[in-house]
């Protein structure tokens, strides 16, 4: 392809385009309250993007060229300094070898194995403040705690997680095993109160226990303070529950029974007979008007349908239109030329183009031309 393109003018063209755009939008930006520094940053970003694309050679300002020259001069000096520093690092290990031979060995005695901590509970009230994570909730695992002698043989305790535990004396008589019982929803405080006669009645405040099996789920349960009686070696727990009856539902009327009417039926107005002539013809006129209105609606629908049919018809020369998909396929190529044309000649499958005032991107480089002539076959 013969053309009069000049690569030296490409950077000037791009720079003139950037300056024209920045100058044209400066007044608009100032009217909108945008600082002029934003325009300078936009211009710098535009130039950097153009240089990174490497589509234009020589697109550097005088200041940028000076910076590139200074950087090129500093690179040999940095390489020499790095080489000298690398030789100095290689000489250091030879000097430090004798010092490493004089190092002394220090023996560190092995630490004793840490013994497992023992949990000592001085009072039964402190069991309420224990962390629930330290007690295993599995049914097959029992937590063994060493309790003082002041704790009663059988006692129920509540943890922070709402779990009910029971203290049972083991066979050896030296340990107490906490067995998990049924969990409760809410627990507050267990205040043991001693009553005369050796009876200990812990008062459970705001404790919601699971429902007993004999009470239906629809019936409310009110939990009362439990009493634990000690008679020799036997223990008896007497729970006192009061079942709150469910609210009675209103009886539904039978299916065959009709409800009495709340209001008496309104009396119909008496009929007045017309004896002075024939009946009125207003109803016939109304029917005629309705028929005319229906006819008008049908005519309007037919007209609308005809118009819709015309719109659905394919317009003339529709095959000549270029769809969007074809437009995208045309630009899916590496080499692109945007220009105007003077003449195009065709002979069978050979084409000859006379182009002018264009810019093209070939093999990643941009070129501009005023006139160009090209041949093609397809």
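Numbering starts at 1 and runs along the chain as it is shown here.
The backbone N, Cα and C atoms fix where each Cβ goes, glycine too.
It is 69-108, from the ranges 69-108, 109-148, that Swiss-Prot records as region 'Disordered'. Counting Cβ atoms from all protein chains shown, residue 346 (DNA binding site) has 9 others lying within 10 Å of its own Cβ. Taking a C-beta cut-off of under 8 Å and a sequence gap of six or more, residue 345 (DNA binding site) has these contacts in its own chain: 351, 352.
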